[in-house]
Every structure is written in structure tokens, then in C-alpha cells.
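Have a look at the structure below before the remarks.
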Amino acid sequence: MPTNRNEEMMVYCSFCGKNQDEVQKIIAGNNAFICNECVELAQEIIREELAEEVLADLSEVPKPQELLHILNHYVIGQERAKRALAVAVYNHYKRINFHDSREEDDVELQKSNILMIGPTGSGKTFLAQTLARSLNVPFAIADATALTEAGYVGEDVENILLKLLQAADFNIERAERGIIYVDEIDKIAKKSENVSITRDVSGEGVQQALLKIIEGTVASVPPQGGRKHPQQEMIQVDTKNILFIVGGAFDGIEEIVKQRLGEKIIGFGQNNKAIDENESYMQAIIAEDIQKFGIIPELIGRLPVFAALEQLTVDDLVRILREPKNALVKQYQALLSYDDVKLEFDDDALQEIANKAIERKTGARGLRSIIEETMMDVMFEVPSKENVKLVRITKEAVDGTDKPILETA
């Protein structure tokens, strides 16, 4: 029996036996109580088990040739870029496994983030997405132009990490081994003597903010997004094992490369050509060119792997329409098959779709919108026409001079 009223009102944790005076907080449940210390202990046990599961998932990372084989199923062309990405991604996750098992005096492997340079619609984002999907790791995309340095209206760089956490269902251990793709990095190039007026005035500040999370830091992430404030509880995310893939079109960088190569040819003679006739200027880009474009050297140093993507040709775009596992032609054929209708594209129709994408300078990303324009009336009318069994898309249907051909049973 309790000897006094205070003892009668005392609450004890059902797990460790401590009373309310010995801990910060006790939570009441159905016929049981738990203290904050036991909650924290349980969370730590769960975190350790989840971390072990994540490590087990990454212990058998596909070899570079296997990754390339996976990419080839979905991505047409860009052979050099695919090889560079396959090697970089394999080495990154091998480094994580090595780091988690290494002895104290072993060599420390540094992280190798990736810089992808290529025109709009050449497949930069899709390559990063495909890699993340093939590895089954969380993936997030961020637009560098939406980011601002501290004190300005806009997104903090920590919000990039929030997107990754959301992709990982707020499993911190999984998020800390995910992939982040930062697009439009060229649009925040710092001002220089040869800079376009469209570049972000505060670009260098944003680059500095990105540098911190890319090189590896423990960042405080607001779980609800937005700006930080003192009352908001933060999630701590260690970025040292997050792979950052940074991409941009870098319009005009070819001129910087040409100028550099021209100076070398003048200075050392025609026999010392720095570029092969069959190699494009994009493949000849070096760190010096990127720095001259307006990316700070510290950030370039944290992006040691360069992957240059070429402008896609008409033939490339036709192959993209036809060949990948998720090719657009196959997708639209599947859509119409649900209405028991077969869909066919003439060869010159696919050529015309590719030509339109080239004219619009949208690359592969513009192909879907062109097909949508061509097939809008078909997809509206055909489901209501029970006797239609075949739709044939001709060149004239694509260029708008005629309608798609409908064949009935």
C-alpha cells in the first residue's frame, strides 16, 4: 500500500521500472506506460536493423557491365555517358560497403559525384532515374534555379534532402544511401565577363550552399519543408554517402572549348591537336572550361566524374520511339489494346515525329507531346467505335495534312 498521496500518484515505466521523476516524460497507453528513454532505445534498435537491411540490399551492387546492360534496355545512344555512369555508380556503392567494413587504418575512399553535360532532351534526367530504379535506392530530382542562398526568398538546399527523405518514406538510413539529381546547374553559374544576362545573380551563393551537402555534411532538414524556424524539430541527415548527379545543358560551352583548343593549336603547332576529328567538342570539355563558364572550382572538385551527352539525332529519336522496354510506341499500343484496337506507325511517321522534336529543340522529352497531338482525336473517338480494329499513323497524320487511318472489322 502506498504510504502517502504522492506515492499513490507516482507513475512507473512498464519496461524499465523508472518513475516519472527519473525520466523526462512517461507516455500512457492501454494498461501500460513507457518512458522517453525506452522509446529512444526502441528507435535505436529499429534504426540499426533498418541500416543492416539497407547494407544487405547494397552488398550485391551490379557490376559496371551489368549496369550498362540495364541502361541499354531503356536508354538509346549516349554510349560514353552510360559507361561513365555505370563505373561511377558501381564505385560509389562499393565505396560505401568498403567504408562500413574497413579497419581504422585502412585507406579512406572519397566520394565521386557526377557532372552530366548535354543538351536539353538528351537523356540526363532519365539516365539518373534509370540508375536509381535499377539499384532500388531512393531518388530525388531538384531544380537548381529554384534554390536560393540563405536569406533570400526561395528554397533552401536542405529541401532537396527532404525530397529524398519523402522518396525513402522517411527511412533515414535508406535516404542516406540514395541518389539526388540536381538539374539546371548551368543556370546558376556565377557572373563573369562573358556571362549571359539570364544567369542567376546570386548563383555563386547557391553553389556554395550546394557544395556543403554535396561534399558531405550532417544537414538539418525541416520535415514540413520551407524555411527553418526555432520551434521546428529537424531531421538530421548525413550526406556523405548520398550520390549527387548534377546536370545542365551548358549552352555556349562549346565556344569556350573551341577558344581553348584554338589557343593550344596556335601556341604549339598543328601537330598537337587536342581533339580528334571524329570527337565532338562536348567530349573535349575539361574542368577549366566548366570553371570559365561560371561554376566555382570548389564545386567542380566535388564532381570529378564527367559524362558528356551528345545531341540526339533523328535516327536516335526513332530508335527511342521503338526500341526501349518502355518505348512510347509500345506504350500507346498498350493503351489502345485495352479497347481491342491495334496501333501501327508508318516508318516515315516516326521519322516525322523525330524531325519535329529536332525542330522544336526538345529532344527525347518532346516526343510524347508530339504523339499526343497526333493521336488526340483518335484516343477521343476510337473507344466509342466498336467496329474499329486498326489505327495507322501516317506521316501526313503527324504533319497535320491528313487524319490517322482507321480500319474496321
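Backbone N, Cα and C define each Cβ position, glycine as well.
Annotation comment: Swiss-Prot describes 1-54 as domain 'ClpX-type ZB', evidence class sequence analysis. Residues or ranges marked as Zn(2+) binding site in Swiss-Prot: C13, C16, C35, C38. Here Swiss-Prot flags P119, T120, G121, S122, G123, K124, T125, F126 as ATP binding site, drawing on sequence analysis.
A map of Swiss-Prot features onto the structure.
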residue	record	DSSP (3 states)
C13	Zn(2+) binding site	coil
C38	Zn(2+) binding site	helix
P119	ATP binding site	coil
K124	ATP binding site	helix
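Cα separation, T120 (ATP binding site) to C38 (Zn(2+) binding site), rounded: 53 Å.
When the neighbouring Cβ atoms lying within 10 Å are counted for each of the binding-site residues (C16, C38), the highest count belongs to C38. Note: the Zn(2+) site is recorded as C13, C16, C35, C38; in the same chain, S14, F15, G17, K18, V23, I26, F33, I34, N36, E37, V39 also have Cβ atoms within 8 Å of that site's Cβ centroid. Residue with the densest Cβ environment among the binding-site residues P119, G121, G123: G123, by other Cβ atoms within 10 Å. Neighbour counts of Cβ atoms within 10 Å were compared for the binding-site residues T120, S122, T125, and the top value is held by S122.
Residue density at K124 (ATP binding site): 25 other Cβ atoms are found within 10 A of its Cβ, drawing on all protein chains shown. With a cut-off of 8 Å between CB atoms and residues at least 6 apart in sequence, the same chain places C13, F15, C16, K18, V23, Q24, K25, I26, I27 near C35 (Zn(2+) binding site), listed in sequence order. Report note: the ATP site is defined by P119, T120, G121, S122, G123, K124, T125, F126, and the residues of the same chain whose CB lies within 8 Å of the CB centroid of those residues, excluding them, are G118, G247, L309, G363, A364, R365. Residue pair K124 (ATP binding site) / C38 (Zn(2+) binding site) shows a Cα separation of 47 Å. Around the Cβ of F126 (ATP binding site), a 10 Å sphere holds 18 further Cβ atoms from the protein chains shown. Between T125 (ATP binding site) and C38 (Zn(2+) binding site), the C-alpha separation comes to 44 Å. If you average pLDDT over the domain 'ClpX-type ZB' (1-54) in this model, you get 74.
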